[in-house]
């Protein structure tokens, strides 16, 4: 620029001084713009003449301007690369929510079970609840009484405190004690229901079919022990340790092979073997006949 009285004047860059900008100037000596971070003279910065040495947690306020400002704790958005996470203060997959007005303020949203300002407190392990009381006897269908035993069960629930937790062990256990069709209880006189009658009737049929010779049984004979159904579900008045268990014969299916079935199957096996022997004998004689004919 020109001065009418003096003549040409030099307009120096921020990092230089003098009439002809022949002397170096350190802008860091004039102002503490980088405080509390170090300030360094930068002659290549034509706009400011210095730069601040920002730590990794900070960045320049505006591109080219040397002032250090904190980086957003939860990350910063780049139009080209999308969200860039500079550091993650939230632990255990917690979500970091940035304050709109202060880049240093944030809130961690923890996944279920985790607690703490940074989700650093882990949840307590999963535990089982107490066992439920023993249920009443659970009886099979009438057509399954030969193969399945009645049982009572206890259940428990796995109490979890975080996603993905599991309890070790089984949620259910059963016992066959106390579920016997032959139990008598002289203290009870409730007339048995039709379902219980059918169960006893079916169980007796199962047992009768397993005998070597099937003896026809009348309905009245099968109904002789129907009073045993009085206590089928009222087990709180029966000593469970003294109850009887269902015998193996009572569990066998009515469709299992009988002695007559085994004899019939054995006969068929002998017939098949006889036929095979006859065929082999014919093959032998034919082969012998052809051999003698050639000689």
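Here, residue 1 is simply the first one shown, and the rest follow in order.
Every residue, even glycine, has its Cβ placed from backbone N, Cα and C.
Heads up, TrEMBL stuff is auto-annotated, nobody curated it.
Database features (TrEMBL):
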type	residues	note
DOMAIN	1-22	domain 'EGF-like'
DISULFID	12-21	disulfide bond
DOMAIN	81-120	domain 'EGF-like'
DISULFID	110-119	disulfide bond
TRANSMEM	262-285	transmembrane segment
Would you please pick out, from the disulfide-bonded residues 21, 119, the one with the fewest other Cβ atoms within 10 Å of its Cβ?
21
Limited to the domain 'EGF-like' (81-120), I'd like the whole-number average of pLDDT.
82
